[in-house]
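What follows is a set of notes on a single structure, which appears directly below.
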């Protein structure tokens, strides 16, 4: 099958390309990128006024499958991904059973191949059962198809176990994704510690719970010379630690999520459980630090931490509500808001959704280089729309952005040369 995309603004940050080019896809690969491409028997897509970029990649997604399919499954989650412009996602291992073994990894890959909406890269567990006690079989999981390991949802609290995990993972060149959190400091907190928490009568989570854990994990990564990717950064202190570590040459990358550069703890006012996540929404100063970190490359990845929940798990009092929000269909327009507000260049914004995540986990996408897999996202940056949570592709509806007026949207998603989403579909 051939697809010829014409008249679009081709933006490939990995190769410094920002030109009005055509893109020819043939035999599931990028066959040609250039001007006035001529070919017969190709499906033509006129991308006038649109951006043509490498397929977006989200390296922090909870697909809830196996075990929690009432919230999301691989089919619905990848459908939501495609609708958001993502051609690939990396799924977290906190499922039931936990993805701490070869068999569960193979199950995920098999089901993802059947769904076909987006590529799925499994992330295995660092420790067996996510219990933080003994290391999982990292080598077996990598051989089965895992691209990284994490105990996401739980920190690896024991420093020696984290050290051994980094050393073991280094032998396979496998990135460790760190959920950096000191549970002894978190206690029974449910939102950011500060004035708003006091005003609402809710127990707070201090910023130092994240920052101290990031500091430990970064130092362990330097000590072991292992690859570390810091997940869902939400605080100024964490940004500063990561910036300094990268300047020293540490093998550290880091991500943040759209809610951390869009919302602050003020969103919790009214006890809105859709504004409850872990780590919690922070202060306006933290938000500015996150934006600065994206602009200077300290944070090279924007990932959603897409965390679907059933309404019964959110429509309860704030203290009892589960943490997390969905984000696959809102990440792109929220990122484009940063561009419109002058906080991030368009090229850097697209890089944080493409080449940045690909580099962090050594994934094959993130570029429109000739010969590479034909994973392409076409974006209309000017389209205006209002988010209706009930109209989303995810099985869950837990978003704090309901009824927000957004600008910019994926209008076509192409995975391995197959169109998996059109806005008109």
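Along the chain as shown, residues are numbered 1 onward.
Backbone N, Cα and C atoms are what each Cβ position is placed from, and that goes for glycine too.
The active site annotation in Swiss-Prot covers 305. Under the three-state DSSP scheme, residue 305 (active site) falls in the coil class.
Over all protein chains present, the Cβ of residue 60 (Zn(2+) 1 binding site) has 26 other Cβ atoms lying within 10 Å. In the three-state DSSP scheme, residue 60 (Zn(2+) 1 binding site) is classed as strand. Here Swiss-Prot flags 60, 62, 152, 305 as Zn(2+) 1 binding site, drawing on sequence analysis.
Residue 278 (substrate binding site) falls outside any helix or strand according to DSSP and counts as coil. Within the same chain, the residues at least 6 positions away from residue 278 (substrate binding site) whose Cβ sits under 8 Å from its Cβ are 181, 323, 324, listed in sequence order. Residues or ranges marked as substrate binding site in Swiss-Prot: 62, 63, 64, 94, 278, 309.
In the three-state DSSP assignment, the secondary structure recorded for residue 152 (Zn(2+) 1 binding site) is coil. Around the Cβ of residue 152 (Zn(2+) 1 binding site), 22 further Cβ atoms fall within 10 Å across all displayed protein chains. Positions annotated as Zn(2+) 2 binding site by Swiss-Prot: 152, 179, 232.
Residue 60 (Zn(2+) 1 binding site) is 9 Å away from residue 232 (Zn(2+) 2 binding site) when you measure Cα to Cα.
On the backbone, the CA of residue 63 (substrate binding site) and the CA of residue 305 (active site) stand 10 Å apart.
Among the recorded positions 94, 179, 305, the ones whose Cα is located within 10 Å of the Cα of residue 62 (Zn(2+) 1 binding site) are 94, 305.
Between residue 309 (substrate binding site) and residue 60 (Zn(2+) 1 binding site), the C-alpha separation comes to 16 Å. The Cα atom of residue 94 (substrate binding site) lies nearest to that of 152, taking the recorded positions 60, 152, 179, 305 as the candidates. Taking CA atoms as the reference points, residue 179 (Zn(2+) 2 binding site) and residue 305 (active site) are 11 Å apart.
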